Structures are given as structure tokens and as C-alpha cells.
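See structure below.
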Amino acid sequence: TTMPYSRPTNTSLSELHLTGIPGLQHLHHWISLPLCIMYLITLAGNSIILCVIKADSSLHLPMFLFLSMLAVIDLGMSTSITPKMLGIFWLHSTAISLDACLTQMYFVHAFSVMESGVLVAMAFDRYVAICNPLRYLSILTSPVVAAIGLATLLRAVVFMSPLTFQIRRLPLCSPAVVDHSYCEHLAVLKLACGDAAFSNTYSLSVSTYVGSFDSLLIALSYVLILRAVLSLSSPQARKKAFGTCGSHLCVIALFYIPGLLSMYMERYHQELPPHIQVLLADLYLLIPPAFNPLIYGIRTKQIRDGARRMISRRRPMAGGTGP
């Protein structure tokens, strides 16, 4: 993917410019409103979930520990792109140093890989809870939950580090304009004057591997769960089991469908208008973190009850300060 204007006037570009949403710059102010609202919902929703789980000892179960991990990842993922994006939309501050750009790219993609890993862990958690309920706590002990969390983190670091180092080594050409609202890997790669074939292939392989391997594991968990649920005799138990899996399936669909759409459209539908591609990529990173706490908060009875207990405990301290 060499650029038509391969003039390496500045092979060590130290500053890049993010265009925001190419072609829709005149609508930036309007587009920023829903993005800002989504970011505020993300901050509030995930923080509330973390506070409720921390405050309520009855929620210190594997399922909620994984949910806490998801909340932390969601806060990290949206915070790594939204403030800068709003800066572009509101203040036209398009400049970003190359190091800041690569750091942002690293975190955005690493958090995506981590989120995918935690969704697999949550599917495994539901499988154990429904197919092996009596051994649930002896299988998913605290060390096991911690080890799963650590493995998820390490996998993201191992996968994303070569990608960032590779771009750091590539000579970049002027004009240093990234046609995107954050430092998305492919958008930055388009500035490379050198041979970017390795980076291209590597990023496609990693995203395809993570996407397909993780979705396969999740699908397998749910096939086994479905088999177990359908063999339950009482309709009450069946309804409860479906209920506890329903919110998880919503979250999975919310994460994988836009993600895969955005990735493959960017690769194979070059005729797709750039603003559609960029909007898809933005929404893929901003919608799940805003909706995950809403889905879990509304659909999970223990979280609702925990929130109620936390509020009623705070009521007598009405004069006190909030968290």
C-alpha cells in the first residue's frame, strides 16, 4: 500500500493530523453531541457497576468479577479515544504527536482484544454456572478468575506490541493526515512509504484469529448451555437460565457484529464512502461501553438489588457526599 505521492520529505514525522470524520467536518458539532452523551453514559454506567459490585459482598462472585473487568476495559477503551475526538470536533485540535498516536492505537486495539477475551470468560462462567452448578465455586476460584484476567491482558499485549513496533519502524510520508477520528491502525498505515505488507497481513490475521477463535469458543459454550437448559424439567428454571444468558448474548452481539462489519468493509469495500467507514469504526468502539452497563444493570437482578441496597444505605447519610 504505497502512497501515490511517495515523497519522503519527512521520513520521521513527529506530528500527525486527524481529520475527524472525512467529508462531514461541517457536521462535527452535531455528531459530537450523541458521542458526548454516550461517553457520559459510559463513565457513569461503568463506574456505578464497579461501585455496586465493590460495595456488595454478595456480588463478589466470578460472574461479577468478570463484569468488573469488562467495565474497566470499557472505561479504558472509550477514554482512549473520546476526549481527543471531542477535541477535534469542538476545538479543531487535529494535531497529535506520533508517539501519542501510536499509544492511542496500542490501547484502542489492545482493549478490543481484552474485551473479546473477557466475553469468552463470561461465556465459560455461564457454562459452568448452568452445566455444573454445584461445582461452580470450586471450579471458578479467585485464583482461576485472576489467572483468566491476566491471560486476557497478556494476550492483548503479545498481539498488539509487534503491530505498534512495526509502524514505529516504517518511514511515514507527508502529508501527515490520518483520515480518521482516532489513530486506527489501517488509517495510520496508509501514511507509510515503506513496504507495509507485513503490518497489513499481521493486523488482518490477528483480528480474524481473535474474532473467529473467540466467537467459536462462545458459540461452543452456548451450544452446551442450550443443551443443558433444554434438559431442565421445570419451565421456571429454564426461564431463569435463559434470562441470565440473554444479557450476555446481547453484549456479545453488540461487540462482534459492528466490529467485524467495520473491519471487513474497510478491507474489501473501498468504494464505501470514507465517512461511513469512520463512523462505523467510531460506533463500534463507543456503543458497547455505553450499552454494556445498561444491559447488565437492567437485566441482572443481583445488580439491580445491589444498587438499591447501596442507595438505601446512602439515604441516611443524605447530607454526605457522593462517591
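Backbone N, Cα and C atoms are what each Cβ position is placed from, and that goes for glycine too.
Curation plays no part in TrEMBL annotations; they are all automatic predictions.
Quick look at what TrEMBL annotates:
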type	residues	note
TRANSMEM	30-52	transmembrane segment
DOMAIN	45-296	domain 'G-protein coupled receptors family 1 profile'
TRANSMEM	64-86	transmembrane segment
TRANSMEM	106-124	transmembrane segment
TRANSMEM	136-158	transmembrane segment
TRANSMEM	209-230	transmembrane segment
TRANSMEM	242-264	transmembrane segment
TRANSMEM	276-298	transmembrane segment
Query raised in the report: Do the transmembrane segment (30-52) and the transmembrane segment (136-158) come close, with at least three CB pairs under 8 A (pairs 6 or more apart in sequence)?
Result: no
Report summary line: Outside the transmembrane segment (106-124), at least 6 residues beyond either end, the same-chain residues with a Cβ under 8 Å of its Cβ set are 63, 66-67, 69-70, 73-74, 76-77, 80-81, 148-149, 151-153, 155-157, 159-161, 163-164, 182-185, 206, 210-211, 214, 217-218, 221-222, 248, 251-252, 255-256, 259, 285, 288
Query raised in the report: Who are the long-range neighbours of the transmembrane segment (276-298) in its own chain, taking Cβ under 8 Å and residues 6 or more past its ends?
Result: 21-22, 35, 38-39, 41-42, 45-46, 48-49, 67, 70-71, 74-75, 77-78, 81-82, 85, 108, 112, 115, 179-182, 184, 247, 250-251, 254-255, 258-259, 261-262, 265-266, 304, 307
Query raised in the report: Going along the chain, which residues at least six beyond the ends of the transmembrane segment (136-158) come within the CB cut-off of under 8 Å?
Result: 61-62, 65-66, 69, 110-111, 113-114, 117-118, 121, 124-125, 128-129
